[in-house]
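Below: the structure, in structure tokens.
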Amino acid sequence: MSVSKKPMVLVILDGYGYREEQQDNAIFSAKTPVMDALWANRPHTLIDASGLEVGLPDRQMGNSEVGHVNLGAGRIVYQDLTRLDVEIKDRAFFANPVLAGAVHKAKNAGKAVHIMGLLSAGGVHSHEDHIMAMVELAAERGAEKIYLHAFLDGRDTPPRSAESSLKKFEEKFAALGKGRVASIIGRYYAMDRDNRWDRVEKAYDLLTLAQGEFQADTAVAGLQAAYARDENDEFVKATVIRAEGQPDAAMEDGDALIFMNFRADRAREITRAFVNADFDGFARKKVVNVDFVMLTEYAADIKTAVAYPPASLVNTFGEWMAKNDKTQLRISETEKYAHVTFFFNGGVEESFKGEDRILINSPKVATYDLQPEMSSAELTEKLVAAIKSGKYDTIICNYPNGDMVGHTGVMEAAVKAVEALDHCVEEVAKAVESVGGQLLITADHGNAEQMRDPATGQAHTAHTNLPVPLIYVGDKNVKAVAGGKLSDIAPTMLSLMGMEIPQEMTGKPLFIVE
């Protein structure tokens, strides 16, 4: 007969941040006798769930995807934006073999280096600092013909904010004594993601043929003309930038084309127009055989060079459990099921050996303020049964309420959501203690603790950059360590289970057994 297992349970209360101020704080306002007692009587600490500590830009609020990747990886996982910032800062970017190789090949053949991307400080799809670094790389590596094709933002930035960015690049090219802005067009055309190929075609023709609806001597003049036509940045029509006497920047076979967007979804369509031999989105007037480089991998089936391939995570918590012949369960509602499976496993879709999954359907309501408890009762029932089954070495569970109801901005509903969670935590803690298991309670980021924006007085529906609680429930005598972050959770669990921590995990245990 197999011995009943005493599980190590991780409960993630999504959107359950820690904030001292009581005003507009749904977590403070709710009646939470169970969490209050655990915080008062059990080993606990606060951990960081935002900004650089989770691989995001400094002070940027956390999110569920990033949070769960860090929780499962046991190391800080840098997001593309931050990864590139770090690479540029330490100059590794300038030695990137794919980028440098494309520039050298074009330069040695007397060809042009074309750089395209969303010229924006928004940091969502791209960052203009990365594009500036690419211009510098091309110049440093001896390229003479450097053409920048600027896609204008106005969605992740104010609607008319491109002028300062374009000025900066025109000044840079003047200082270098070579290169220029060769075209401008709104992201509405160049970055479609809904197969509106008539839009993409306008951007493609602008790039390949150096033909557009409008022409201007300078990028700033072209932008000002667009504003005079009542076009905001996002909708600027295809504009060729070419002063008298300048050669046109039409693309030729053998040119290098480097796409500086790091986010994939709005980069795929125009990339396929250049790369796919069997492309049929529109009839291309000119097919050019360029040396196309994607900054990151936009899709696995796009066969062209990638400067920064996806970093595969080795020995995440789930993989390490499987390698050590441990059994594990992942359980949540629909809203956060992908987070405790795909994201917690470091972007791996398939379950590991010994990994079971339970999906509880989230309620079918228009918005979750209408049913703030969501499906927490059913989720708790299934979770408690799994804890008592003796089948699992470890269980990962996410309760979505704090986040999903927090997003509605309805304070009364968020309070009810938090109160429902308190009852759930009580049941789970009792079950864990009844079988001699261990329980960690934490969150992936904040939300419900800030329900009103103090600056505007409007409902606050976004995540926060505040810390989140971490509580230990179990029979071990442990001491909490301060200064932790989400990537310390997996090593903490392994340490409490008496298991070796793989060397890839750089996080540190936050509860030390005394």
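Each residue, glycine too, has its Cβ placed from N, Cα and C.
In the three-state DSSP scheme, Ser64 (active site, phosphoserine intermediate) falls into the helix class. Its Cβ placed at the centre, Ser64 (active site, phosphoserine intermediate) has 23 other Cβ atoms within 10 Å. What Swiss-Prot lists as active site, phosphoserine intermediate is Ser64, and the listing cites sequence analysis.
Asp14 (Mn(2+) 2 binding site) is surrounded by 28 other CB atoms, counting those within 10 A of its CB over all protein chains shown. DSSP classifies Asp14 (Mn(2+) 2 binding site) as coil under the three-state reduction. Residues or ranges marked as Mn(2+) 2 binding site by Swiss-Prot: Asp14, Ser64, Asp444, His445.
Annotated substrate binding site per Swiss-Prot: His125, Arg155, Asp156, Arg187, Arg193, Arg263, Ala264, Asp265, Arg266, Lys336, in sequence order, evidence recorded as sequence analysis. The Cβ of Ala264 (substrate binding site) lies under 8 Å from the Cβ of Thr296, Glu297, Tyr298, Ala299, each of these being in the same chain and 6 or more residues away along the sequence.
Per Swiss-Prot, Mn(2+) 1 binding site is recorded for Asp403, His407, His463, and the stated evidence type is sequence analysis. For His407 (Mn(2+) 1 binding site), the same-chain residues lying six or more positions away in sequence with a CB closer than 8 A to its CB are Gly15, Tyr368, Asn447, Thr461, Ala462.
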(message) If I take the alpha carbons of Asp403 (Mn(2+) 1 binding site) and Asp444 (Mn(2+) 2 binding site), what is the distance between them in whole Å?
(response) 10
(request) Using the centroid of the Cβ atoms of Asp403, His407, His463 as reference, list every other same-chain residue with Cβ within 8 Å of it (recorded Mn(2+) 1 site), in sequence order. (result) Asp14, Gly15, Ser64, Gly402, Met404, Gly406, His445, Asn447, Ala448, Thr461, Ala462
(message) Tell me the coarse DSSP state (helix, strand, coil) of Asp403 (Mn(2+) 1 binding site).
(response) helix
(request) Going by Cα-Cα distance, pick out whichever of the recorded positions Ser64, His125, His463 is nearest to Asp444 (Mn(2+) 2 binding site). (result) Ser64
(request) Within 10 Å of each Cβ, count the other Cβ atoms and name the one among the binding-site residues Asp156, Asp403, Asp444 with the highest count. (result) Asp444
(message) Distance check, please: Cα of Asp14 (Mn(2+) 2 binding site) against Cα of Ser64 (active site, phosphoserine intermediate), rounded to an integer number of angstrom.
(response) 8
